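S.K.: I'd like to ask some things about the structure below.
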Amino acid sequence: MLEDKNPQKTSLSELGEFGLINHITQHFKVENPSTIKAVGDDAAVLDASEKQTLVTTDLLIEGVHFDLSYMPLKHLGYKAVMVNLSDVYAMNGSAEQITVSIAVSNRFPLEAIEELYAGIQLACNTYKIDLIGGDTTSSTKGMLISITAIGKANKEDVIYRNGAKETDLIVVSGDLGAAYLGLQVLEREKQVFKVDPNNQPDLDNYTYLIERQLKPEARKDVPGILKELKVKPTAMIDISDGLSSELFHICTQSKVGCKIYEDKLPLDPQVISTCEEFELDSTMVALSGGEDYELLFTVPIDDFEKIKGNPNFSVIGHITAENQGLNLVTRANQEIELKAQGWNALKGD
Ligand SMILES: [Mg+2]
């Protein structure tokens with residue numbers, strides 16, 4: 001990793017805080033008309049127009065949320081932005097601005113911060129997001145990144161977690177469990193590397209899993225696809241902690257129960273083969289894996305014809321009365337109660 005052991009690297013103290021801010025923000029350009037003033041004054045200025053403003057924030061701490069021994073800094077920057085954009089899309093809004101605040105210890109030279117911001121900039125360019133501010137400061141140990149994303153939506157378009165109704169269908173975009181398995185593969189390679197640094201890992205069988213872990217993409221496309229299909233979800237959430245945990249949020253806030261079907265869970269073939277190799281239950285991984293950044297939503301049952309067969313979506317179950325609880329129907333047609341565990345629950349197994 002890019003630690004400050006190399007004398008050719010540039011120490012952050014040489015630049016000073018304002019020099020650093022200028023240096024890392026100079027190539028960012030403003031994309032959205034709602035950004036009146038980005039970096040460079042005491043505060044950014046946004047034009048909220050007649051829409052509603054969506055605000056979401058996330059704090060990532062080295063050693064807790066990311067491990068730089070297998071997470072390249074550029075990927076970390078990209079992913080830190082995705083995590084926040086995903087929350088804006090989960091409200092059925094469009095994301096337009098971010099602020100980025102970082103704290104780094106003196107083991108990070110300027111080149112490391114440049115790598116991190118290269119990832120942030122790639123995310124901004126790809127998703128048409130303006131960087132409008134933030135803060136940089138020093139930490140006594142490790143790296144912290146806090147990103148706030150700002151978006152907007154028409155009042156009538158915003159989708160909350162609390163609107164799911166009995167008989168609504170439960171739909172998920174993309175597939176589940178791959179990011180968690182990618183992490184398992186990277187953790188295993190880290191252990192192998194510790195024992196034998198000359199070992200060249202063969203990761204060909206895990207490319208999709210590793211990409212899902214290191215370079216997730218937020219589902220910016222989903223609000224647009226739904227609009228085209230003339231489907232308005234009754235509730236929506238993004239999958240950051242795992243399907244079970246997100247279903248709990250929707251059901252608790254909507255005061256309903258749910259029934260999902262094991263054989264309907266969308267799994268990539270690499271998820272199935274790697275679960276076999278790691279002796280993990282693929283259903284458990286799909287339910288509790290987390291970090292998929294797919295969107296989970298409910299739609300009125302009358303919209304079934306519009307949703308079914310769309311390659312972006314899988315109908316995985318339906319909403320029930322609150323007193324039915326949250327249940328999974330297994331392939332053997334048995335009903336078992338869902339537990340609200342995030343991806344941490346898998347770690348101890
Ligand atoms: Mg979320």
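The backbone N, Cα and C atoms fix where each Cβ goes, and this holds for glycine too.
For reference, TrEMBL lists these features for the protein:
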| type | residues | note |
| --- | --- | --- |
| DOMAIN | 40-152 | domain 'PurM-like N-terminal' |
| BINDING | Asp42, Asp87, Asp238 | Mg(2+) 3 binding site |
| BINDING | Asp42, Thr56, Asp87 | Mg(2+) 4 binding site |
| BINDING | Thr57, Asp58, Asp135 | Mg(2+) 1 binding site |
| BINDING | Asp58, Asp87 | Mg(2+) 2 binding site |
| BINDING | His65, Glu291, Trp343 | substrate binding site |
| BINDING | Tyr117, Gly134, Asp135, Arg161, Ser240 | ATP binding site |
| DOMAIN | 168-323 | domain 'PurM-like C-terminal' |
| BINDING | Asp241 | Mg(2+) 5 binding site |
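How buried are the listed features, and what sits near them?
M.R.: DSSP states for the domain 'PurM-like N-terminal' (40-152), grouped as helix (H, G, I), strand (E, B) and coil, give 35 helix, 45 strand, 33 coil.
Residues near Asp42 (Mg(2+) 3 binding site) in space but far in sequence (CB under 8 A, at least 6 apart, same chain): none are found.
Close to Asp58 (Mg(2+) 1 binding site) in the fold, though at least 6 residues off in sequence, lie Ala80, Val83, Asn84, Asp87, Ser146, Ile147, Thr148, each with a CB less than 8 Å from its CB.
Asp241 (Mg(2+) 5 binding site) is surrounded by 22 other CB atoms, counting those within 10 A of its CB over all protein chains shown.
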S.K.: Which ones in the same chain are close to Asp135 (Mg(2+) 1 binding site), with CB under 8 Å and 6+ residues apart in sequence?
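M.R.: Expected: Ser101, Ile102.
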S.K.: Under DSSP, is Asp238 (Mg(2+) 3 binding site) part of a helix or a strand, or is it coil?
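M.R.: It is in a strand.
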S.K.: Taking ligand 1 as the reference, state which of the binding-site residues Thr56, Asp58, Gly134, Asp135, Ser240 have a Cβ closer than 6 Å to one of its atoms.
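M.R.: The binding-site residues passing the 6 Å Cβ test are Ser240.
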S.K.: For the C-alpha pair, I'd like the distance in angstrom between Asp238 (Mg(2+) 3 binding site) and Glu291 (substrate binding site), rounded off.
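M.R.: Roughly 9 Å, rounded to the nearest whole number.
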S.K.: Relative to the Cβ position of Tyr117 (ATP binding site), how many further Cβ atoms are located within 10 Å?
M.R.: 22
